Amino acid sequence: MPQRNASKTYESLYHYAFALSRQIPWLADADGKVVEVGPGWSEWIGQPPEALTGNGWVKLVHPDDLPRLVEARRESLTAGTPYQCEYRIRMADGSYRWCRSSSAARRDETGAIAFWYGTTEDIHDRKEAELALQGHAHVLEMVAAGQPIGEILSALCRLAEVQLPGARCSVLLYDAETALLRHGAAPGLPPAYNAAIDGLEVGPNKGSCGTAVYLRTSIIVSDIASDPLWDDWRDLALSYGLQACWSKPILSRSGEVLGTFGFYYGEPRAPTGSEMERMEAVLHLAALAIERQRTDVALRESEEHHRHSVELNPQISWTADPQGNVLDISSRWHDLTGMDPREALGSGWSRALHPEDAPTSLSRWSQAVKAGEGLDMDYRLRMVDGTHRWFRSRAAPRRSENGAIIRWYGAVEDIHDRKLTEETLRWAAHHDDLTGLANRRLFRERLQQALDAASGSPRATGLLVMDLDHLKQINDRFGHDAGDDLLKEFAQRLRHAVRPGDTVARLGGDEFAVLLPEIAGEWDVAAMAHAILTRMQEPLKRSGKLLDCRTSIGGAITTGFAMSPEELQKQADLALYRSKTSGRGSFRMFVATMREESQRTTSALEVAARAVASDWIVPFYQPKVTLATGALAGFEALLRWHHPRNGIQSPETIAPAFNDTELGTAIGERMRSCILKDVRAWLDAGLAFGRIAINASAAEFRRDNYAERVLEDLRWMNVPAHCLEVEVTESVFLGSGAEYVERALRTLCTEGVTIALDDFGTGYASLSHLKRYPVDAIKIDRTFVAGLETDADDAAIVRALLNLGRNLGIEVVAEGVENAFQATLLQRMSCDLVQGYHFGRPMPAGDVPALITSWTGV
């Protein structure tokens, strides 16, 4: 019974969170059976809530993911520990989307599990991109390893089918000698169908694939049943349930047709723009794989031809004496290198070696001669036109009857095209395609190497992590092409900022890193960070627009103890978080207290989430007074929260929540709901309360709908807009979502809501904000008011701000007035409004009516 009561209690506590959270919350009993789900579940998957309770949700999990999810929940239920799992869940239309579920146990006073609470989040887009990158990397690794072309193309078809749900893919290889298309791979199509189209002719009206090769362009057949291109193959395709076929020709780097990539569907349809992009990506991989395979086949055929004709009779043949001095060389040497064959005798041939290859090549040749063993090596030779090409050099000794070497015979053959293909594949597997920087895989390898080298060394390894402060806004406003240009420019500036030997990487999205090996200490890390910040100050000019390149940077450095890559990167990430929260476009170095502060922040966020879910958020009201008359002008609503044991708490105890988009928005909405309910009650009671000021946090502006939500709440509560004032601090103009602020404030102002600029005079751009935004009032920060009596500078600043307000026709409010002397000074300066403990402390809503009715002026 206690367990059941506890469960009911917590169900009610978290019910409000269900309605607020963007993530989809749910509750389960002590046995793990779901008892309640948030409303977002039904909106997301299209199933009624009752279909998900108990173990009903299990029926919607993808069969391939269910065992892993069940095992994770079983371990969590057994141990009573939190769990997190990623899996696919079926939508109402039969499709699947990736999601991530997290859950933790809530225990009662006896320590027994009372219930489980958790959230489920849609991660489909991120997971699809992650799986696509992994799939591309896997195929590139298969190609680089020289695996059979059939296996590579089958893997590529399966990858395409994952990226294009519903598609069944086929690769046909073009035989130039017969002008026919031959089966390459089609793991998702019936074998009988594959056999039937093996040997497909190329020409007009030869289905999607034959026509695509003939016209050397994409052929999109959205309805096989009615398209004349499929007249000869329609009955076959329809008999296997194939109703649409999109085909793209696979072309080599030189434009030669290699084959086709076909995408079949079981219903008539045409591709979307996104699907066309995904098809192009797999098409590029197919071209690389087929071109590499043909190069290898050509090389093997060439080698076999040489073996069956004249042994070691390649493009350039040569002989050498037992000591390795060249005795003669074919005339082809002169044709390629421009060097007289006589100049190549002895060791003269080495003058044609590429300077980077000469030391290693000559050393290996010398070792082979001394050991009397055959040689097989690659190097570059300078051609007659001054360029360099890759060649493969092989040599074998001829021995006398007693085993002594009497001659060396060798051959050099051109492998330049194969080498370029191999280098392209190796590069693609370790670099970011957009920026050309090292990717996450190469960066982790370099980081591990640097940490291994630094172990036991007096030198240290530094790490900088950073992200672009405004990439999302640029993508939203100008499109992803502009965002890509910004990423490439950012990468280029990073390259120019670092030292030779440093590694610059794009870890994903807008996240970059710089690895600094062999440094003396923290000063080197800080110097590099500030050099990068300086380079990013200038915006990128693009099509008449200025794109902000500024970045926030976090830094970390190895200590005298061995560190793992994960630990060093975690430290840098914590420093980056501090940099972003303390003002974007800055650098912070990791210090040990950041880890503790991170833990405190996490704790504060948990408390804030519970305060929202438990309905502990309450507004307190502090009066604002017209100084000239002593009349009550209004109130500022200040956030407080009521702890069930510790009573009323200040907002500082949950301050980190104001920077969290979800929690900050939830707190703001809860405050606004309470305030408007109080205002409606005072209006009904006929109380003259003036204007009520509410504070809007930066988190509330990170979505472009703040003004609409405020106005909707006013209409819902039937509160006139002129009763409300919105106070904003400079932080809302500088952080994420700043691009939405101006529209929101102008919308509110147009509807009659007044706008106040809080803490005026403490920021860097306060005056420019007065010009740009519709400001009705400015509030002089309490730090200036506190110094009125003793600090002439503070008094001068207050006087200047009051004059500024009068000249601009803007109301001025002085905050933090604590005594009569401060009030007298402000009155002499003709200050409009004041608030502070001298006029009234913040009070609960229940005390406001009595204050209003008894107010006689001050």
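Using the three backbone atoms N, Cα and C, a Cβ is placed for every residue, glycine included.
Whatever TrEMBL says is automated annotation, not expert-curated.
Here the domain 'PAS' (26-80) has a mean pLDDT of 82 out of 100. Annotation comment: TrEMBL describes 26-80 (among others) as domain 'PAS'.
The domain 'PAC' annotation in TrEMBL covers 83-135 (among others).
Taken from TrEMBL, the feature domain 'PAS' covers 302-372 (among others).
Note: the domain 'PAC' (375-427) comprises 12 helix, 30 strand, 11 coil (DSSP; helix = H, G, I, strand = E, B). Among the features that TrEMBL reports, domain 'PAC' is placed at 375-427 (among others).
Marked as domain 'GGDEF' by TrEMBL: 459-592.
For 601-856, the entry in TrEMBL reads domain 'EAL'.
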Annotated stretches the domain 'GGDEF' (459-592) and the domain 'PAC' (375-427) touching (3 or more Cβ pairs under 8 Å): no
DSSP helix/strand/coil residue counts for the domain 'GGDEF' (459-592): 58 helix, 40 strand, 36 coil
